[in-house]
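**Student:** Mind having a look at this structure? Questions to follow.
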Amino acid sequence: MQKKIETVQTLLEALPFIKEFRGKTVVIKYGGSAQETPQLKEKFAEDILLMYLVGIKPVIVHGGGRQINEMLDALKIESKFIEGQRVTSKEVMRIVEMVLSGEINKEIVSLLNSHGAKAIGISGKDAHFISAKAKDFSRWGLTGNITDVKADVISNLIAEKFIPVIAPIAAGGEMGHPGFNINADLCASYVAKAIGAHKIIFLTDTAGVLNNSKELFSTLTKAEVEALKADGTIHGGMVPKVDACLEAIEGGVAKAHIIDGRIEHSMLLELFTSAGVGTQITI
């Protein structure tokens, strides 16, 4: 009986948050271990389905760097990085699109649909809903910066009760252009801004933003993030994550969250509990 009472208490604790977020759009950047470990994939699908069933409108943007590297290695195609960004030749771009749009995207869609969701997979090339230009073609090739997002493409899918699953590939301007490889974190931020999302959540392989004693910051403002970047507390791979958060909140998204995707049901813990489990960033 006690266990049943505790279950009800858990549901009651979540109720105010369900009321608050019902009808709101939440963009999720899906990557890291959560995207690669079979058990975590299942938990992710369960979380998305629960969010969907209580009236939240999830939009998923996924990465796939490890899988791209594995395919390039298998095909013996060289791939370099400059300042942490992949140099995307035309040959590499073909593999990037094949892995992101043809393999990973379809796997996520199938996983969600097998759990009873109504997911649909697209890339930024579909309906040219994400346009981009070269970041610096002489250095990074077909690695791009987003110039435009057609929000109505996603809004129309949401209105039809679909869960959009987006591969971070953007269209080029010219006919026959091979497209652009887009950083998935920034792709998620630009999509969140364009569609007026209430929240954006980044699933990572770290607990969130940590101080120099490896303790978690539960909440940070934009000014605090900038100060922590300036003094070196935020460094390395966390810098592009917080930059993507700032991009989103500066564009009107109410809150950005960096959470540990290695924790089962971390999205539900962040959304539906008072304490949360990661770092929340606000203006």
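Placed from the backbone N, Cα and C atoms, the Cβ positions cover glycine too.
Features from Swiss-Prot:
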BINDING   G64, G65, R86, N181  substrate binding site
SITE      K29  site 'Transition state stabilizer'
SITE      K241  site 'Transition state stabilizer'
**Student:** Should K29 (site 'Transition state stabilizer') be counted as helix, strand, or coil on the basis of DSSP?
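**Tutor:** Going by the DSSP assignment, K29 (site 'Transition state stabilizer') falls within a strand, counted as strand.
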**Student:** Closest to K29 (site 'Transition state stabilizer'): which of the binding-site residues G64, G65, R86, N181, going by Cα position?
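**Tutor:** Going through G64, G65, R86, N181 one by one, the Cα closest to that of K29 (site 'Transition state stabilizer') is G64.
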**Student:** What three-state class does DSSP give G65 (substrate binding site)?
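**Tutor:** Helix, per DSSP.
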**Student:** List the Cα distance (Å, whole number) between K241 (site 'Transition state stabilizer') and N181 (substrate binding site).
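**Tutor:** With distance taken Cα to Cα, N181 (substrate binding site) is 17 Å from K241 (site 'Transition state stabilizer').
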**Student:** Other Cβ atoms within 10 Å is the metric here; tell me which of the recorded positions K29, R86, K241 scores highest.
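**Tutor:** The residue with the most neighbouring Cβ atoms within 10 Å is K29.
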**Student:** Sorted by position, what residues of the same chain at least six away from G64 (substrate binding site) have a C-beta under 8 A from it?
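**Tutor:** Listed in sequence order, they are G31, Q35, V99, L100, E103, I104, A184.
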**Student:** Looking at the binding-site residues G65, N181, which one has the fewest other Cβ atoms within 10 Å of its own Cβ?
**Tutor:** G65
